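Colleague: One structure, pasted below without further comment.
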Amino acid sequence: MSQHHGTDTIAAVATPLGQGGVGIIRLSGPRSHAILTALFDSTSPGFSGFRPRVLHHGHIHDGTPQRRILDDVLAVHMPAPRTFTGEDVVEINCHGGPAILAAVLDAVLRQGARPAAHGEFTRRAFLNGRMDLTQAEAVAEMIAAPAAEGVRLAQARLDGMLGRHINALRERLELVRVQLCVAVDFPEDEVECLAPADFMHAVEETADAIRKLIGNYERARCWREGAQVVLAGQVNAGKSSLLNALLGRKRAIVTDVPGTTRDFLEESITLDGLAVRLVDTAGLRETGDIVEQEGVRMSRDLAAQADLVLLVVDSRLGTGPHEQELMAAMEAGSVLVVLNKTDAATEDELDRCVRSLAGRPHVAVSAREGKGMDSLAAAVREMVLRRSNALTADAAASDMAPNLRQTEALRRALEELEALAADIVSGVPYDLAGVRLESACSVLSEITGETTPDDILNRIFDSFCIGK
């Protein structure tokens, strides 16, 4: 990819807003080094200028004739092209107070830099050929990953594995297209061309590889996005107590008054490396209260959309008609029964409750005493992964799971190849077949950014935070 060094210099705070030990101001562009030199006073005797990629200690001043010191900093200059963006880059490590960072950034901007747009540093890295588009997207996904396994998934794409695989598929189709063009343009010459059987084999083999990538998207979804787990059950079964126990803090109001939870509460946690969105819902019961009726209706809707339902049952009372109705309406493997309040149940009550489940998966806990939480977490993880036919975390990283945009493009490419295979069988002329091959190659190029339209690039990079 050709170089597209920016003609201007951009700057932004590269660390999260708020108080912290260290905050970083990042600059990229042709004036980065000059701006740093204008604002920096070294504390090292005999300082003669910035050595590339070496941290230097000193003071940043405000750029006025008075040279008022703004902060005590560590600064580094990284010359192009071996930088993240492919341009001259400067990073100023300040103390992490918002007022300090704002003052230093203001001084930088007054020296001629402009504020960076969302994702502009990574966009410049892409435009300057430092990474392909799949790697650029992986940067944002690593930052947004809800758990460690999601980071691993994004890291595999940041390493360029997916982009290289897509390019290999596209290059194979390009080779086939070239051979078709030769056959069309020089029909009377004795040139080596693909036999129809070889042509079909190349198309089908590439289509199979694309199908696998598409399947990997859904099978890696729980690692990338996390799972939605809904807590449902009768009023006073202990759903809110269970939510609090899983979170390790009091989030939901717990009382003996039926119908305390009318709306739903949502919190995120990590269970055995799996990011989970826990949703506590209104208790299932018949009620004349209009607000509570809406809460019960919403509970059923949320349960139907969940990756897993934790059906919380008072182990002293067992399952009633509402619980039985919910279990009957749900798909097999989508409900884990949580037998709660085991600290207050007799052995006979607990045995009777287990028998009523007719072999359905269940875990016995006491939310009030915090007992059984580890077993519950393990069961949730196992059932979510089994139900979604999820790749293992290792396989999700090594098998190159694409994101949604990439998967949609892969589906379009696959449609072209499947139509092409049908054309081959029906004897469509090679020149028409070449049009479909060209279309499939073009779509694959969009994935890596070789031919991606500007509106798609804008959508991708606008989703980044400023400073990245």
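For all residues, glycine too, the Cβ spot is worked out from N, Cα and C.
What you see is a predicted model, and the numbers here were worked out from it, not measured in a lab.
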Colleague: Based on Swiss-Prot, name the residue from K371, K468 that is recorded for the same (6S)-5-formyl-5,6,7,8-tetrahydrofolate site as R26, E91, R130.
Modeller: K468
Colleague: Rounded to an integer, what is the Cα-Cα distance in Å between R130 ((6S)-5-formyl-5,6,7,8-tetrahydrofolate binding site) and S240 (Mg(2+) binding site)?
Modeller: 49
Colleague: If you count other C-beta atoms within 10 angstroms, which of the binding-site residues R26, R130, K239, K468 is the most crowded?
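Modeller: Per the Cβ count, the most surrounded site is K239.
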Colleague: N236, S240: which of these binding-site residues has the sparsest Cβ neighbourhood within 10 Å?
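Modeller: Across N236, S240, these binding-site residues, the one with fewest Cβ atoms within 10 Å is N236.
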Colleague: Including all protein chains displayed, how many Cβ atoms other than that of A367 (GTP binding site) lie within 10 Å of its Cβ?
Modeller: 26
Colleague: Record lists R26, E91, R130, K468 as binding (6S)-5-formyl-5,6,7,8-tetrahydrofolate; longest Cα-Cα distance in Å?
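Modeller: Taking every pair of listed residues, the largest Cα separation comes to 19 Å.
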Colleague: I need the nearest neighbour of N236 (GTP binding site) among the binding-site residues R26, E91, K468, using C-alpha distances.
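Modeller: Out of the listed candidates, the nearest Cα belongs to K468.
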Colleague: Where E91 ((6S)-5-formyl-5,6,7,8-tetrahydrofolate binding site) and A367 (GTP binding site) are concerned, what is their Cα separation in Å, rounded?
Modeller: 49
